[in-house]
Amino acid sequence: MMNYRTSIYVVLSLVIFLNVQRSFVAESSAKRKVHIVYLGEKQHDDPEFVTESHHRMLWSLLGSKEDANDSMVYSYRHGFSGFAAKLTESQAKKIADLPDVVHVIPDSFYKLATTRTWDYLGLSAANPKSLLHETNMGEQIIIGVIDTGVWPESEVFNDSGFGPVPSHWKGGCETGENFNSSNCNKKLIGAKYFINGFLAENESFNSTNSLDFISPRDLDGHGTHVSTIAGGSFVPNISYKGLAGGTVRGGAPRAHIAMYKACWYLDDDDTTTCSSADILKAMDEAMHDGVDVLSISLGSSVPLYGETDIRDGITTGAFHAVLKGITVVCSGGNSGPDSLTVTNTAPWIITVAATTLDRSFATPLTLGNNKVILGQAMYTGPGLGFTSLVYPENPGNSNESFSGTCEELLFNSNRTMEGKVVLCFTTSPYGGAVLSAARYVKRAGGLGVIIARHPGYAIQPCLDDFPCVAVDWELGTDILLYTRSSGSPVVKIQPSKTLVGQPVGTKVATFSSRGPNSIAPAILKPDIAAPGVSILAATTNTTFSDQGFIMLSGTSMAAPAISGVAALLKALHRDWSPAAIRSAIVTTAWKTDPFGEQIFAEGSPPKLADPFDYGGGLVNPEKSANPGLVYDMGLEDYVLYMCSVGYNETSISQLIGKTTVCSNPKPSVLDFNLPSITIPNLKDEVTITRTVTNVGPLNSVYRVTVEPPLGFQVTVTPETLVFNSTTKKVYFKVKVSTTHKTNTGYYFGSLTWSDSLHNVTIPLSVRTQILQNYYDEN
């Protein structure tokens, strides 16, 4: 029998419940939007039970089972607990007040961020002792890709010679428009699609008339392209119209691919977009299916959200994936060269910057004075003999308007450009300026265009058989001076040729987003760099391509290169954690290119690359297989990190599924065991702790070498680390002090542990801040 206090509680609960029901019913006609209700770590292993609990929560608040079913978009039930549902703003606020709910936030959208890459990085298929052969090219490793889908007919998904599907694979091949289970094989072992979040936010979307396929099939080509880079099979004799010829393959060519399509083409806007709700569901399914590596070439824009904020769906999903042993690799973004633009900055994600290759597409321009200038283009049409060259400008005796600015060529009269090669200048950072200039000139009857622009922006294919050649402003000015000084200037354009090797330097791409990390300045981002400029890989047969292959540029292309390397490392070291894999990649990276030359960062002006451009450096796959020491981390480290940056204990507890109490005083974020040290606000001195784990020879002795940042003193204690059968982990302290007396920018150095076989290097990035939290505009 109930006592008086219990009876009162029941009555009050019923009253509150009925009032909530009534208010929810009254709001049913209000505008509903997709909201993600994040509940943290799942409390039950049975996914059906988890989903039922989600429906019960919605049912109790919406008033009926039918309304709950209509509202539900997704149930996240494998890697973590939560759901996406269509709710009014008021309904979302009420659900957010429930004690089991960590966050409720509106759905958000993400945007999409080879033949030479692997030979350039030293990952040779011809060397029988290489990492490729030591790991049997990634066999039995599953790379999950979240993107625009897959074109299964491409030869890069050929499963010839493949053994059985890995026993830990639990996924499947989902059917849909122009896609059925027969499109999967032993290479492409899984394909699923997630569209509910996209549909809920785009009610006018007409799936019948849409160009996109309502299935795992790729329309855009982006998903097929990045899958090729990560794990595509060998396809010989591939080129782009005769350029960049060779064998296309992925980093782990015998790894298995699972595609999770979460990005969709919106016909009305002519854009491809990815709902956070769909991405989270794709990650949830990938965790269930058994992927070993997740490759995500998507990103949001700054300002960023914190790591426990569900608004960054990739960060939240990645946290749960990493705790399950899945390495998550993400693109760093294409908003460079400005600082503070890098995205996907969570400390459990490997964030990737993009570099050029040692390859260019030289296009000879011969002026009438016999001077030869090597421009850049992807022009494979017939050579153009000596032809009149013009820079549209007012000669001083005309009332007509002339412009040599590329964007304004359309305002020139046709007779200005007809039958000529046109020189123009642009300050635009975008490849579209090149294409637009070519269109204007061709429309006017011109025969070619030379575009002078800032160096560093990726060369793109132009109009078919129409020469559009890029030069920098310096060379463009040389051509302009010749044009002005000659009575009858002419130019000859020859087809482009592929140059490979030492004459072509490696650079961090202009578009590659830069650090420092805007959300957590003590966490170095990006982590690592990989080639991402003019990468030749497979695409769909619905896109402009050659032989079903196309060249694309972006950190989207760099991230899957690291995913391929991570797959090889996982195949070689099955017991390594995602943090150990990241450490091995970062600490063994090249600080120079493979030929020993300095790596520059493109921009205005170009400069020597530093950790905010490329993290630890340019990935060195062979060295990463045997790093000697690793900076490892697990759940306890991530909890200490979240405590150190001020996240509340309740959020952390729900995130990890168990009670968390942060220490008082709270730990220092500088002690987070990253393979880097970044100090954003040093006033006088600080001492930092790191722990390294020996993964090399059992009995090893390492000695430290420090290259201190300019104006800083760095002391390491102890200076020697000794490992044996009983000592596999050792911690050391790093004391950093500044001699600067004013607020400074960042200075860079490095710390290296060396034995006779290994050099384990981490970057140091330090800024003096005598006056804290101060913005200086002077």
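Even glycines carry a Cβ here, placed using N, Cα and C.
Listed features, source Swiss-Prot:
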- 1-22: signal peptide (SIGNAL)
- 34-113: domain 'Inhibitor I9' (DOMAIN)
- ASN69: N-linked glycosylation site (CARBOHYD)
- 117-625: domain 'Peptidase S8' (DOMAIN)
- ASP147: active site, charge relay system (ACT_SITE)
- ASN158: N-linked glycosylation site (CARBOHYD)
- ASN180: N-linked glycosylation site (CARBOHYD)
- ASN202: N-linked glycosylation site (CARBOHYD)
- ASN206: N-linked glycosylation site (CARBOHYD)
- HIS222: active site, charge relay system (ACT_SITE)
- ASN237: N-linked glycosylation site (CARBOHYD)
- 388-483: domain 'PA' (DOMAIN)
- ASN399: N-linked glycosylation site (CARBOHYD)
- ASN414: N-linked glycosylation site (CARBOHYD)
- ASN541: N-linked glycosylation site (CARBOHYD)
- SER556: active site, charge relay system (ACT_SITE)
- ASN648: N-linked glycosylation site (CARBOHYD)
- ASN724: N-linked glycosylation site (CARBOHYD)
- ASN759: N-linked glycosylation site (CARBOHYD)
Chain-internal residues near ASP147 (active site, charge relay system), provided their CB is under 8 angstroms and they sit 6+ positions away: LEU112, ASP218, HIS222, GLY223, VAL226, SER227, MET259, TYR260, LYS261, ALA262, CYS263, ILE296, SER297, LEU298
Distant-in-sequence Cβ neighbours of ASN648 (N-linked glycosylation site), under 8 Å, six or more positions away: none
DSSP residue counts for the domain 'PA' (388-483), split into helix, strand and coil: 33 helix, 20 strand, 43 coil
Residues that sit under 8 angstroms from ASN158 (N-linked glycosylation site) by C-beta distance, when 6+ apart in the chain: LYS187, SER233, VAL235
Candidates ASN202, ASN541, SER556: member of the recorded positions with the richest Cβ shell (10 Å): SER556
Sparsest-packed among the glycosylation sites, when each Cβ's other Cβ atoms within 10 Å are tallied, from ASN69, ASN180, ASN237, ASN759: ASN237
Candidate nearest ASN69 (N-linked glycosylation site) in space, where candidates are the glycosylation sites ASN202, ASN206, ASN541, ASN724 and distance is Cα-Cα: ASN202
All-chain count of other Cβ atoms within 10 Å of ASN414 (N-linked glycosylation site): 11
Inter-residue C-alpha distance, ASN724 (N-linked glycosylation site) and ASN759 (N-linked glycosylation site) (nearest angstrom): 18
Separation of alpha carbons, ASN541 (N-linked glycosylation site) and SER556 (active site, charge relay system) (Å): 20
Separation of alpha carbons, ASN541 (N-linked glycosylation site) and ASN414 (N-linked glycosylation site) (Å): 36
